[in-house]
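Here is the structure we will look at.
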């Protein structure tokens, strides 16, 4: 498609969104845009503002305060976009124009959090018959919901931290003394469907529990109460569809009480990363195998970052599977692949190729009943 006389592949980069991770998404989008191979790809920038409206953005100036993670913002273009599900082509249309946009060949969604990586956006793109980077509806939805993900991982024979789950309607039944007796202190209280440690609290005493529960319920209708796991925080990147590969492992060394949103994206001194992690080859292989098993158990595709705790007794406890990991300047996913021999640009290219391959495979499936004479 990119040879002599052939046009470049048009990549729709979708970013922003209504979630609490809006700013993280903007940082990721900026980096991915810079990493796109200009010889092969033509970017089309689609920003979603905090009200959920889609806008066609200019490549040169789509961000405000791009170098400041605490102030970065989406510059509104004023040109709204609509999606036309079911069309074979021209699925994106400017609402103030007569004609559709030039055909987008593949979408790279980098909308973190609710509505972006929980299967919602993936379902819309699938209905619009657009290839997209990353996991499909099922893998995205299950991995995003920490309660459901833990149940699936546990059933697959992987160890997860002991936990209890409460909804907005059952939160009054969350007895802190019972939870402390069951899990000990500290406890972690977190929204079931958020990422980047948004709304997460470490509870060190019974008196701190109510405020932590209230904070988590501001971000989700379902809340997880989790036992703290004493162990090193190790991360492994996974790449691929049916036959995924695992990267070298990295370690997050947290200087604060836990790996909070501020520590991850705002402060420069809250944590350090060590790549590759200082672990022996056998331990790394075990973690890689657990990461691959978790990836396939959750029906992931394209990419995911698998976070685990490595305990002093050698146990590997799965903490989280992130199907849409960050691509910011400090994000582990691209760093892990770079340490494994795959540079940032090659990684982005491979993710786009995987999206096109999966879409082609899906296109071979029957969409109606086939009868034989």
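Glycine is treated like the rest: Cβ placed from N, Cα and C.
Model, not experiment: these values are computed from the prediction.
Per Swiss-Prot, these features apply:
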BINDING   180-235  ATP binding site
BINDING   307, 320  Mg(2+) 1 binding site
BINDING   320, 322  Mg(2+) 2 binding site
DOMAIN    150-353  domain 'ATP-grasp'
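Features per Swiss-Prot, on structure.
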{"residue": "180", "record": "ATP binding site", "CB count, 10 Å": "16"}
{"residue": "187", "record": "ATP binding site", "CB count, 10 Å": "25"}
{"residue": "194", "record": "ATP binding site", "CB count, 10 Å": "23"}
{"residue": "201", "record": "ATP binding site", "CB count, 10 Å": "22"}
{"residue": "208", "record": "ATP binding site", "CB count, 10 Å": "17"}
{"residue": "215", "record": "ATP binding site", "CB count, 10 Å": "17"}
{"residue": "222", "record": "ATP binding site", "CB count, 10 Å": "20"}
{"residue": "307", "record": "Mg(2+) 1 binding site", "CB count, 10 Å": "20"}
{"residue": "320", "record": "Mg(2+) 1 binding site", "CB count, 10 Å": "19"}
{"residue": "322", "record": "Mg(2+) 2 binding site", "CB count, 10 Å": "23"}
Candidate nearest residue 208 (ATP binding site) in space, where candidates are the binding-site residues 307, 320, 322 and distance is Cα-Cα:
320
Surrounding CB atoms that lie within 10 Å of the CB of residue 229 (ATP binding site), all protein chains:
18
Collapsed DSSP category at residue 307 (Mg(2+) 1 binding site):
strand
Integer Cα-Cα distance in angstrom, residue 320 (Mg(2+) 1 binding site) to residue 229 (ATP binding site):
13
Going by Cα-Cα distance, which of the binding-site residues (187, 201, 215, 222, 307) sits nearest to residue 322 (Mg(2+) 2 binding site)?
307
Mapped DSSP class for residue 222 (ATP binding site), helix or strand or coil:
strand
